[in-house]
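Here is the structure we will look at.
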Amino acid sequence: MVKFVRVIPLATKVGTVTIKYPFEKPLVTESFRGAIEVDPSKCTGCGACTRICPPKALSLIVEGGSLILRYFVGKCIFCGMCADTCPEKAIKVTREFELASEHIYDLYTDVEHEIITCKRCGTKFVSKKLVDKVRSKVGEPLDELAYLCPTCRRIEMLSKTLIFR
Amino acid sequence: MLVRGFLISFIINIRIAIIIINNNHFGDPMADPLDIATIIASVLLYVFLPPLLDGVERKIKADIQSRYGPPTIFQTWFDILKLMSKEVVIPINYIFYIVPISLSFTLSIVLSVIMSQIITLSNMSLMKIISVFVFLTSIHVLNMLTYLFSSNPFSIIGTFRVMTLNILNEVGLALFLILMFIVVTNSPCSIMLSLFTITPLTIAVYISHGRLPYDLHEAEPELASGSLIEFSGPILGLYLYSHLIERYILTSLPILFIIYMFKVFQNVFVMSLVFHVFTIVLYIIFAVVSVILGRSKVNLAVKTLAFLYFLAIIIWIGVYIVERII
Amino acid sequence: MKESYNVVKNDELSSLYNYLSNLKAPPPTIEEDLVKIIIRRENLREVIEYLSKCDGIFLRTMMASDERKVEGFFKLYYVFGLDKHHKNIVIEVPISEEDPVVPSIVDIVKAIDWYEREAQDLMGIKFSEKIPHKFVLPDDWPENVHPLRKDYTIQDLSKLYKPRVVAHAKEVEAEAVVVVPIGPYHPALHEPEYFELYVRGEKVVDTRYVGFMVHRGIEKLGESMKYDQVPFLAERICGICGFVHSTSYCQAIERALKINVPERAEYIRSTILEIERIHSHLLWIGVAFHLLGYDTGFMHAWRIREQVMILAELLTGSRKTYGLNIVGGVRRDIDEDKVKKSLEVLDKVEKEVKNFIDIALSVPQVKTRLKGTGYLPKPDAIALSLVGPTTRGSGVPRDVRRDYPYAAYKYLDVEPITRSEGDNMARAEVRVEEVFQSIAILRQLLDKIPRGSIAIESWEAEPYKFGIGAVEAPRGEVIHVIITGTYSPYRWRVRAPTYQNLLAIPIMLRDGDLADAPVTIASIDPCFSCTDRAIVINIRSKKVEEVPLSFLSTKGLKLTR
């Protein structure tokens, strides 16, 4: 009949479960996914992460003569797909979640890369690191075409074929 | 307009308070300085203790719910002061809005004066008990006038609920107050009978507190704060404060009779202190009970209460007859 | 598999096949769990009438699709389900662009009402005998712009529709636009929707419901994202049952493209689904106690639930939006340590829940206010095709885990838990029992989890394939219907359980007390983020009306005496 009074001894046994955050540290397990960190030495500016990112928090822009990988924490959903997709394993998922700031520019992180200018038409199109990496893997056949943008590459290949004819 | 409204209600309040306190002497002899000092101390306790008790209650509630609750026990004081500092939003016919609420606040303070007088001077009379009851009822009626001021449907539904409950509960409260008075002022004070009177009186007092399971006027999930929906800023602060004082006064009623029965303390000051200490203990017991129960529905509440009071009266009459026979 | 169900009534199935083959239409495609037939709209009513007479048939969902580029028609897909035979029956009706009118079947199948209205709004298909009023879309949406048609891309739509407030603010050159919501916020309802209760004294005599205040256009958005990005979008359809939506989407794609998910991935998916069920039911119990005024119960229920949330974070990396599903499997593995930890946490939770529910359901106010209120009769539950604990509390044993087995439930036996009383207490008891059932299922799953990879290596996307994915969410049945495209879904339909269950609320509130309304509304466990539709039902006159939002928000509530 008075079974409901047993909630008092139950509460006494359990005690207080809340913590006085931010004066005490909150519980975060080891698998928690927080903001990401891009390692500038490993990143080649290939842009695979920007293509898979669901909310488009990572973007590749050409600004002021260099290629920039921009990470905007405000849009990030902390899924970690970029870390899974990066071919160089340059992205690490940290456990940071206290990301608030008073200035919005604190939320942008940039990784700068030196950009290649096409030898023929002068457009800037890809980072030097990526070209060097591809050259080191492919080797000889690529040398002439390595520093040309895709349009110029097609024109070059076409003109070569016509010359052979 | 605002200032004029508050001035008018202030003047009305002072006038009524003076009239009541003047008329309330009912031919008492002039008291000596210790008595006056005790009365003043008691009134100060009545006025300044309730918000502190509410803070303690919130801490206890949080403890039962495995959390921390407010950071200090003075939290309700801070809340009331904060509410007083907000902007006042009043309609054009402000008189009907401000006067009832400030009047009920004044009545609470007047009541505390009367109660302190009763316990210090040990002169309980039927007139005094009836006047206490009448003032309590007037406080409820004035509050309801304020709730009904807006035509908000939530407010109207909440008021109808609290009116239904109050009508039933005040019958019980009046009845057992008078019965208790009779039992206490009878020279051979029978313990048995007083037990059977004080229990229904305590229950009636608990219900007029307006706590769970009968806080129907303010059922937050159902009625979006029910009758309190239009209150804000200083008016809400005033209402809250007056409500807390009224609760404390109600809690002290049963204790008043108990102490009156066992008139052991000669020193008036000690008696007043013990009176307040027991009231605090009863208040905390009420607080614990309200945490472990849910909220009732108005039609269920009416049925339960009617049944309860009916049963209590039957038992009382039975015990009375048995005592008379023995 | 489930022999006991297949033995009976196999001849019924063959008589259905006979009927379908004898129609003047191309022969039906019959697969293991799917029967698809294309019929003309003139034959629609006749076929639906035949189907509705079959025993044990329920409407699962309906989808409208714009396939003018592919086949030259609009198409309507009606998905019915025969639970006992584990078969989906899909009726395809092509509709030409010049004359997009279809006969309405709402008098034969009551449950089709909202689906037809939605198709009317978003695809522009007219149903005869139906008043063309705005249902999903806001009142100031431009006329004759039907968003789900392929004529518009997401970028077009965001330029096309400017809410009135923004336009007016630009006119008066206001600096910042502040939108003040009037009406839809109430302490009893944790999401914005609008129930208008007509009361006489304390009795409820009439109900109006206006919703769709959080309609976000997810189905259209999904068409512009790639296949592997959509699970993250799907997970954010709901804040409590997100994983159900992403699993359902992945299953729909996997069915459409005939992808075989490795067994270990299926077990992991089922494990996380059951964990989600436990935390959702504990949340509901807490909310129900809060609505009854018993705040202590609320605090303790959520305290117990917290351990499940921490476990979910340990297993998946996030407390709620797990981000675990991709098409073809899962992204994270569960190793031995985590299995052991999970079993410890489950033991603790089971003991605490038993103890706590014992105490909480003995509080006199809770008992009297839950028993006998919000009664839902069984014939209504069947006629409206309700799902989840709402219908199981009225004695109808529907459960997707048994009727259309998916993931690891193919290897387990799940019996739906039912109660016959049909009141709020019955639904609460069903949910509590399901918590214990989930813990038992989890113990079985974690014990038998097989070795292997957690996702398939790679898969090819073929366009214009049809797939259905259904999952038993804590609130009922979630169905996703997919037509695949080359890089992203061509058409994606989401049907959340609350969409189906909201039709039950006027019936449950009828003749009840005003004080019971919040608990009754909460007892279907509404998840308006999943749902959002608008309807006005007058119970007495049986009329269905539309009320524009501006009217409601300025005129406010009215009371009838």
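Every residue gets a Cβ built from N, Cα and C, even glycine.
Bear in mind that TrEMBL entries carry predicted annotations, made automatically and left uncurated.
Residues annotated as transmembrane segment in TrEMBL: B:6-22, B:34-53, B:94-114, B:126-150, B:162-184, B:191-208, B:248-265, B:271-293, B:305-322.
Between the transmembrane segment (B:271-293) and the transmembrane segment (B:34-53) there are at least 3 Cβ pairs closer than 8 Å, counting only pairs 6 or more residues apart in sequence, which means the two stretches are in contact. Under 8 Å from some Cβ of the transmembrane segment (B:248-265) lie the Cβ atoms of residues 46, 49-50, 53, 108, 111-112, 115, 118-119, 122, 124, 132, 136, 177, 180-181, 184, 189, 194, 198, 201-202, 205, 208-209, 271, 274-276, 278-279, 282-283, 286, all in the same chain and six or more residues away from its ends. Tallying C-beta pairs under 8 angstroms between the transmembrane segment (B:191-208) and each of B:34-53, B:94-114, B:162-184 places B:162-184 first. Only pairs six or more apart in sequence are counted, and the transmembrane segment (B:34-53) with the transmembrane segment (B:94-114) gives three or more Cβ pairs under 8 Å, enough to call it a contact.
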